[in-house]
Every structure is written in structure tokens, then in C-alpha cells.
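Peer 1: For reference, TrEMBL lists these features for the protein:
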REPEAT    8-36  repeat 'ANK'
REPEAT    178-210  repeat 'ANK'
REPEAT    213-239  repeat 'ANK'
Amino acid sequence: MVNSRDSYARTPLSLAAENGNEALAKMLVDSGATVDPPAGDHYSPLYVAAENGHEKVMKILIGAEDKADVNWKDRYDVPLIAAAAKGHEAVVKILIDAEDRENADSKDRYIEPLKAAAWNGQEAVLKMLIDAEDRLNADSKDGYTDQLCVAAWSGYEVVVKRLINLGDRVDVDAKNYSGYTPLSLAAMKGHEVIARMLIDLGDRVDVNSKDNRGRTPLYWAIENGHEAVAKILRDKGGC
């Protein structure tokens, strides 16, 4: 009965985890509830606990005799990505610690969580993940270009500033798959403060970089009616 499912395929442990019911979660785990669902299932107790910020329930699941897999993938993401996107700092710390213990050989495990934090402007979580990434890959370069593009596009000024301040760990003028640089993306969306931050980096940023179809940041600023950004670019030689 502890592993029975409702019409949505949720187990009692999944529901306890989703609602943060620590006592019930512990009782179910102690009674033999399965902490990881079968392969292909869509409702992991650890995932829903992470997504909803229930760190005490997570500790119960990770600390179980048949402990939960911190990289069990739900319909879309692993628990760390869900927690990073929602900004659940305590949960992120638990998962980082578990990752460091259990997946020491995986060198790219924080890339997607970093993107999720950047997409959602979760500065505190981003810092935690950057610190974890630095411990993991202390000698790597250009580890945060995707995150900078995401933050520039989304308008998260504090996140952009934190990434820029990583110095040569970030190629601030790198292009994404469409040929857009962070400056192109900021110009496209009219993020004046971010555009100025990037331009102020001087030679590190090409104000006339061209995307895959030959369009510059100034083109995008004008095309989308962002006159303030267009003026900044013109003043710096944009064309």
C-alpha cells in the first residue's frame, strides 16, 4: 500500500514530498516506500520536494537507506535544475553537496542548473553554482558564456554584472548559435543598463559584431525601437 498510486500515478511519498509533510515522508520511507519511481515515470518525490523548496523532506529522501538519486530526471529536468530555477537556496546547497559526494567525475553537471538560475534571475543561487563550478573546474575558461547570453537577453542586470566580474572566465563577446553576442541580445531587448555595462568593457566587446545574417547590435536596437540603446551604440562607434 505504501507504493500505491492515484489516478495521476502519484504515490503517497510523492504527495508527502510535494506538500512538505516531513513526518509522513519519514514514516513512509521507514515503511519501505520506494524513493525513486520506475524508469520513465513522471513524478519523483525528490523532484517535487526540490521544486517546492522542502529541504527537510529532501534530507529524508537523500538520507534513506535506499537513497534517492539526485539526478533522477522528471518530465523535464533533474531536481537541481528545478530548485535553481525557483531560487531555493537551501535545497540547492543540499543537492550540490550530494552531487559532490556522488558524482565526483562529472565535470559538466552544473551547466544546465546555471542556465536555469540565469534565466530566472536567481542571483544567490547563481553564486552558489558558480562557486561549485569553480571548485569542480578551477582551470577551465569560458565556462559561463551561455549564462551571460541568457541574462543579457532577460534583462537581469545583477546577474550580468556578477558574470562579467568573473573576468577571463567569461568570453563577454562570444556568439550563440545564431551569432548573437550578449550585446546584440541586450540591444535587441532594449536593456540599456546591460548594454552600457558591456560596452564599458572596451576592447573585450565589439560594438559592431555581426550575427549569422550580418546584423549588428545597432541594427537590432533600431529595428526594435530602442532609441536609448541605439544612442549608446552610436556614441561608441556603432554602425
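Placement of Cβ uses the backbone N, Cα and C atoms for every residue, glycine included.
Here the structure is a predicted model, which means the values were calculated and not measured.
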Peer 1: Who are the chain neighbours of the repeat 'ANK' (213-239) in space, where the CB to CB distance is under 8 Å and they lie at least 6 residues beyond its ends?
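Peer 2: 179, 181, 183-184, 186-192, 195-196, 199, 207.
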Peer 1: Kindly report the helix/strand/coil residue split of the repeat 'ANK' (178-210) according to DSSP, in that order.
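Peer 2: Its residues fall into 19 helix, 0 strand, 14 coil.
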Peer 1: Mean pLDDT, the repeat 'ANK' (8-36)?
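Peer 2: When the pLDDT values over the repeat 'ANK' (8-36) are averaged, the result is 90.
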